[in-house]
Amino acid sequence: MALSTRLASPLRLALAALCRAAARQCRGLSTPPGPEPTLNLGGIFPPLATPFSPMQEVDYAQLEGNLRRYASIPFRGLVVLGSNGEYPYLAPRERLEVVSCVRRALPRDRLLLAGSGCESTQATIELTVSMAEAGADAALVVTPCYYRGAMSSAALVQHYTEVAEASPIPVVLYSVPANTGLELPLEAVLTLAQHPNIIGIKDSGGDITRMGLIVHKTRQEDFQVLAGSAGFLLASYAVGASGGVCALANVLGAPLCQLECLCRQGCWQEARDLQHRLIEPNTAVTRRFGIPGLKKAMEWFGYYGGPCRAPLAPLSPAQVEELRSSFSTNGWL
């Protein structure tokens, strides 16, 4: 039975109330308070998978169906057109249509972050403006990487500064070295954190020392750090992260929101136990089997996963069994 149907409505409401209360108290986290953020990113964001039909067209009806199922989970908001949304495989028209579709279905109190990073600064600015017009609350801008050898700190600071100054919505930096082969340098992050329209970073590298240092060095700025994976979510909260953009939230959204609440309450043993059960499933739908694994797992929990867009290939039967084992041995199936 799908997790979303096993969680009774009263439990969902209680979980949402717990998260709100915990966010107000934050008695489990000791990071010194900085300035009040202009756009509060604190919470869990699923980076939505883009559903495709068997003919590999964007299936907007299935997207809306998934959004209805996610509505009962106390996410802070949603991310569209990230790595898990198969962003590089979507045409410009499709990218805008996906953002518009999600914005129409999303309550105004939930944030919509949209991926708008392109290889050139000009293209990134143009797409960011279009994303804002389509209803995005903030732009998630991945590091340009095709000419990674030329992407020095100075070049990246110039790129992001020009984007932020032209953007009508706040900008969130996005460092995902597993996909780009390029980690946004620490010195560039600290410089960009001072820009009034750059409000945070999604850091998917998994270096907790680096994340803690970013939190520490930007504590007087309007700047928030988001963990880029559920595998190190607890550790990220322990060093002061504001939230997480986690692929696994497409599948196990309620447990990830529960983990956030436990961390904010200071219930570290319970949080640790839950984190341990999430590590293997998270690895399976990210580093091990990627988006095909994520979409297959979504189907087991009541969501539409469907096919990936070529050249991403479906899992083999043996891989499906390995994926299932990652969830079942940790008590999720």
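Placement of Cβ uses the backbone N, Cα and C atoms for every residue, glycine included.
The signal peptide annotation in TrEMBL covers 1-16.
Its own atom aside, the Cβ of Tyr174 (active site, proton donor/acceptor) has 28 Cβ atoms within 10 angstroms in the protein chains shown. Summarising the annotation, TrEMBL assigns active site, proton donor/acceptor to Tyr174.
Just so you know, the Cβ of Lys202 (active site, schiff-base intermediate with substrate) picks up 28 other Cβ atoms within 10 Å once every protein chain is counted. Summarising the annotation, TrEMBL assigns active site, schiff-base intermediate with substrate to Lys202.
Summarising the annotation, TrEMBL assigns pyruvate binding site to Val245. The local packing around Val245 (pyruvate binding site), expressed as other Cβ atoms within 10 Å of its Cβ over all shown chains, amounts to 29.
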Whole-number Å distance separating the Cα atoms of Lys202 (active site, schiff-base intermediate with substrate) and Val245 (pyruvate binding site) is 7
